Amino acid sequence: MLGFLRKPVVVTAEINMNLVALTVMGLISRLWGLSYPRAVVFDEVYYGQFVSLYMKRIFFVDDSGPPFGHMLLALGGYLGGFDGNFLWNRIGAEYSMNVPVWSLRLLPALAGALCVPLAYQILVELQFSHCAALGAALLILLENSLITQSRFMLLESVLIFFILLAVLSYLNWIVSHPFGYSCVTSLVKYMGLFTYMLLLAIAGLHFWHMIGDQNLSNVSLMCHFLARGLALIIIPVAMYLSFFYVHLTLLYRSGPHDQIMTSAFQASLEGGLARITQGQPLEVAYGSQITLRNVLGKPMQCWLHSHTNTYPIRYENGRGSSHQQQVTCYPFKDVNNWWIVKDPGMQQLVVSNPPRPVRHGHIVQLVHGITTRYLNTHDVAAPLSPHSQEVSCYIDYNISMPAQNLWRVEIVNRESDTDVWKTILSEVRFVHVNTSAVLKLSGASLPEWGYRQLEVVGEKLSKGYHQSMVWNVEEHRYGKSQEQKEREVELHSPTQMDISKNLSFMAKFTELQWKILTLKNEDTEHKYSSSALDWITMDTNIAYWLHPTSGAQIHLLGNVVTWASANIAALVYTCLSLWYLIRRRRKIYDVPEDAWQLWVSAGGICVGGWAVNYLPFFLMEKTLFLYHYLPAVTFQILLIPIVLQHLSDHLCRSLLLKSMFSALIVAWFSSVYFVYCTFRPVTYGEPSLSVTELKDLRWKDSWNILIRKQ
């Protein structure tokens, strides 16, 4: 029974020393002197703020991508013991001693280093020679722009790592284990989504060819289909949601970014609005005292507001007004934001016992808490929006303009027509009974007579639905005082009842995802911004850091020889492919079928990867920088050894031609290494260069090499 113990247990393993050597060289090139410079480098000023917020568990919104990339950077800070206390306000600012610079930059550097062996393995999986794979890895290793970008607290190296990892996973599993592979390219930045779509297209094309394979049974085809659906759709979606779950779990405290979220979302965070709304009654009743926040939140969050001032008798353009009390949307908390929900059939302004809740479709009057005047609209043009109705609080001037102050409550997000109007959770429209106009924030800023507050108008329902027409109750209490003076004191008092307003994860995820996709930061022209056309020929650079006293500096600059060779390789691939296609149409086959299939599949990955990571930038309305091109140029670099091997194997037919071609490749690769060494001082930031040496690095007039005035 124990006979197996008579022989030793032997474990054998194959170690690819090429991979080991490339990994070591990649680590050395990216990790060497990682803490230098000990100062904020370019976009570290941007990403560092989010790391600090993670350390302090403060909620934030960033429209650059999902939270996974930011979480990786924060993980580096956590491992280094960072407490989040640093003011990220200036590029070049010296880091204080509590900032673990090496740890914060570690994960991007590791990701950049691992791109080197990944490049090698991708070409091996594409069934190219180990020599070609080694060439691809060395080109990635000696690419100055990739080195620079991976040595700082930035996300491009992480994005490229996961893109290459997804490509390798696809190639490896589709060949060796066709029932499983997954793709996580878009978890770091949404630009990775284009590579994900490329792999989906390639997988779909591969499955289409499988359908025509008569050797595969229907059951086998269905298994393949389900495996691809699981690996390419279900698992990525589950991972995507899981990272948002961790993100929202970690960031539970209120902060400056949560103001763009709905009241319900804000109330779910610790501090901020939650401190105000905790303990509020849930159901709005007749007699409730409420503040109404506009759901749109643009151009800024604001609350329905009124004050004793009236509209001017005549506006600057000569149009007349009702001279009624102004109603506006005010972007600050104020006692004049309070309104009382009144039953039109009763005079009392207090909540009865038991409370009578307001439901969808009920008619109400809204009484301004401080001035006790009724919210009103009529057939008078609004001050800045003449095609809409003026909204006011009614003053009886004993003229032929009767009050029109009845409003129908419509709950937009109701589940049934009998839904109760709820604090924070319900999104409501107020439809004017007499004119069918809807209470709406126009977004226009009133003149000095309106204290620059935002205009509120009555908009006809026929003009469609918009979030500017939707409001939600943010602060709420049950009114108890019928006398005005007692009620004014009550409006300043805290609430008493205790109701939880916690949102489900899916509700928070849906809202946050929508904000990320629709949030538009003001794009301003930057000194180092560029167009997508500038990237191909590298007519631009970015100065990342400048030493405060010496000439030491760091620039994002690519290896000129590599970038030019990548463009030539793409051109050669395109021309050769067109030539082969035309010849194959004429039944002339210049290369064997297996070589043709290899050529097409490699091009689908490399040329396709370049195209999907580059061409979309021509359609984007955002400030662009050279580093946006790095994922695309990485695919182009992988194409270089593919084209070179193809030329050597199929176009250099004699031994002499092969020898000459090999000699040219050696000379060309020597020039790549020469350019790498030449620009190494501005890749790593040391040694410091003299003015003459810096001028010698300005190979193009468009490059902005920083030279101090003597």
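Glycine too: its Cβ is placed from the backbone N, Cα and C atoms.
In TrEMBL this protein carries:
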TRANSMEM  9-32  transmembrane segment
TRANSMEM  68-88  transmembrane segment
TRANSMEM  100-120  transmembrane segment
TRANSMEM  126-142  transmembrane segment
TRANSMEM  154-175  transmembrane segment
TRANSMEM  187-208  transmembrane segment
TRANSMEM  229-252  transmembrane segment
DOMAIN    281-344  domain 'MIR'
DOMAIN    355-412  domain 'MIR'
DOMAIN    416-476  domain 'MIR'
TRANSMEM  560-582  transmembrane segment
TRANSMEM  594-612  transmembrane segment
TRANSMEM  624-644  transmembrane segment
TRANSMEM  656-676  transmembrane segment
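Sequence-distant contacts of the transmembrane segment (560-582) (same chain, six or more residues past either end, CB-CB distance under 8 Å): 139, 142-143, 536-538, 590-591, 596, 599-600, 603, 606-607, 610, 633, 636-637, 639-640, 642-644, 646-647, 668, 671-672, 674-675, 699.
Of the two recorded stretches, the transmembrane segment (68-88) lies close to the transmembrane segment (100-120), with three or more CB pairs under 8 Å once pairs fewer than 6 apart in sequence are set aside. The highest tally of CB pairs under 8 A with the transmembrane segment (229-252), across 126-142, 187-208, 624-644, is held by 187-208. Counted as Cβ pairs under 8 Å, contacts with the transmembrane segment (126-142) are highest for 624-644 among 9-32, 187-208, 624-644, 656-676. Here the transmembrane segment (624-644) has Cβ contacts under 8 Å with residues 115, 119, 122-123, 126, 128, 132-133, 135-136, 139-140, 143, 145-146, 149, 154, 156, 159-160, 163-164, 191-192, 195, 526, 528-532, 534-535, 538, 540-542, 556, 558, 562-563, 565-567, 569-570, 572-573, 602-603, 605-611, 613-614, 617, 665 of the same chain, all six or more residues outside its ends.
If you look at the transmembrane segment (9-32), the same-chain residues 6 or more away from its ends with a CB under 8 A from one of its CBs are 106, 109-110, 112-117, 120-121, 130, 133-134, 137-138, 141, 147, 150-151, 684. For the transmembrane segment (656-676), the residues of the chain that approach it from at least six positions outside its boundaries are 135, 138-139, 142-144, 559-562, 565, 644, 647-648, judged by C-beta separation under 8 angstroms.
Outside the transmembrane segment (594-612) by six or more residues, the chain places 122, 126-128, 163, 167, 171, 194-195, 197-198, 202, 570, 573-574, 577, 580, 584, 631-636, 638-639, 642, 646, 649-650 with a CB less than 8 A from a CB of the stretch. In terms of DSSP helix, strand and coil, the domain 'MIR' (355-412) has 0 helix, 26 strand, 32 coil.
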